[in-house]
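Below is one structure, written out as structure tokens, with a few remarks after it.
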Amino acid sequence: MELITNVSEYEQLAKQKLPKMIYDYYASGAEDQWTLKENREAFSRILFRPRILIDVSRINMATNVLGFNISMPIMIAPSAMQKMAHPEGELATARAASAAGTIMTLSSWSTSSVEEVNSAAPGIRFFQLYVYKDRNIVRQLVRRAELAGFKAIALTVDTPRLGRREADIKNRFNLPPHLVLKNFEALDLGKMDKTNDSGLASYVASQVDRSLSWTDVKWLQTITSLPILVKGVMTAEDTRLAVESGAAGIIVSNHGARQLDYVPATISCLEEVVREAKGRLPVFLDGGVRRGTDVFKALALGASGVFIGRPVLFSLAVDGEAGVRKVLQMLRDELELTMALSGCTSLAEITRNHVITDSDRIRRSRL
């Protein structure tokens with residue numbers, strides 16, 4: 001195999017390797033996929049203001065997330081059904097995250113159970129949660145995550161209904177017959193019904209609670225002592241409500257551009273959320289991160305860290321655990337280089353003054 005020199009190269013290799021239905025499920029966005037492209041392109045419009053003649057012989061990328069020390073501000077986002085990409089699926093991802101000294105977030109809709117992932121490797125892990133119509137299912141899932149040593153809940157709040165993913169409709173996407181949503185196997189909810197469009201869309205419509213509201217965020221705090229990250233915040237208004245609801249943190253996310261098309265890129269929403277958060281809780285970002293330079297830009301705009309999704313899936317498909325390890329190492333190396341060339345020796349030294357955004361350029365043009 002030709003030497004892989006950046007994260008994005010894994011996607012083309014994964015496209016060649018995976019069945020079309022599975023590649024399309026991982027790669028596609030909602031409707032026209034404008035937001036899918038914008039998640040990447042918005043990063044390219046942010047430029048650097050590097051500082052020079054600073055001793056960068058030693059660089060420290062370590063950080064703390066919700067009280068847990070990790071090696072770098074790059075973590076793994078929840079991505080469903082990873083055994084479609086590789087036979088070891090989430091177990092390989094967990095081992096790679098552990099080796100890198102960072103956090104993995106396990107999807108509710110994983111093809112490995114919370115118990116299996118806990119046994120795969122030591123490490124700090126978060127559990128992503130959808131709220132089901134049957135709240136007893138939610139209680140059981142949260143309890144199992146607690147017993148399996150998970151350290152936080154990432155509550156997905158942008159999916160009262162599944163976005164219109166036309167590739168999945170064309171492919172009549174369904175979980176391959178040899179796989180099951182392991183966390184739901186004992187509840188007889190581990191399989192999706194065959195339909196004329198997307199099996200996942202039908203599953204969400206039948207199981208996920210459309211009435212989910214901010215009162216449920218408070219309810220969740222009554223059934224667990226784990227900190228709750230609200231995943232899917234994109235506005236100041238919802239940031240204010242997240243703070244008021246007692247959330248421990250926010251993940252600025254548009255669900256990988258898979259829900260509502262024509263929403264802004266997450267990097268374009270980040271500053272609005274950070275400004276409203278006012279340091280009362282940490283703000284994280286996912287969506288479109290493919291380079292260490294992207295990580296630096298997010299940190300400069302106020303993020304406490306980033307989560308990556310598709311790069312993990314594509315590298316997992318190509319080379320299993322070793323692929324995920326390589327993606328994490330490449331992003332780490334690129335971030336370290338960006339810090340050195342920008343004159344930063346620690347994450348605390350990365351400031352808003354290190355980047356120029358579209359809004360900066362507009363402001364300057366009016367002066």
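Glycine is treated like the rest: Cβ placed from N, Cα and C.
What Swiss-Prot says about this one:
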{"type": "DOMAIN", "residues": "1-360", "note": "domain 'FMN hydroxy acid dehydrogenase'"}
{"type": "BINDING", "residues": "Y25, Y130, R165, H255, R258", "note": "glyoxylate binding site"}
{"type": "BINDING", "residues": "78-80, S107, 128-130, T156, K231, S253, 286-290, 309-310", "note": "FMN binding site"}
{"type": "ACT_SITE", "residues": "H255", "note": "active site, proton acceptor"}
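Sequence features, as recorded in Swiss-Prot, placed on the structure.
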residue: Y25; record: glyoxylate binding site; CB count, 10 Å: 25
residue: P78; record: FMN binding site; CB count, 10 Å: 24
residue: S107; record: FMN binding site; CB count, 10 Å: 23
residue: Y130; record: glyoxylate binding site; CB count, 10 Å: 19
residue: R165; record: glyoxylate binding site; CB count, 10 Å: 25
residue: S253; record: FMN binding site; CB count, 10 Å: 26
residue: H255; record: glyoxylate binding site; CB count, 10 Å: 23
residue: R258; record: glyoxylate binding site; CB count, 10 Å: 23
residue: G288; record: FMN binding site; CB count, 10 Å: 28
residue: G309; record: FMN binding site; CB count, 10 Å: 23
Whole-number Å value of the largest CA-CA distance among Y25, Y130, R165, H255, R258, listed as glyoxylate-binding: 19
Overall pLDDT for the domain 'FMN hydroxy acid dehydrogenase' (1-360), taken as the rounded mean: 95
G288 (FMN binding site) versus H255 (glyoxylate binding site) - Cα distance in angstrom: 11
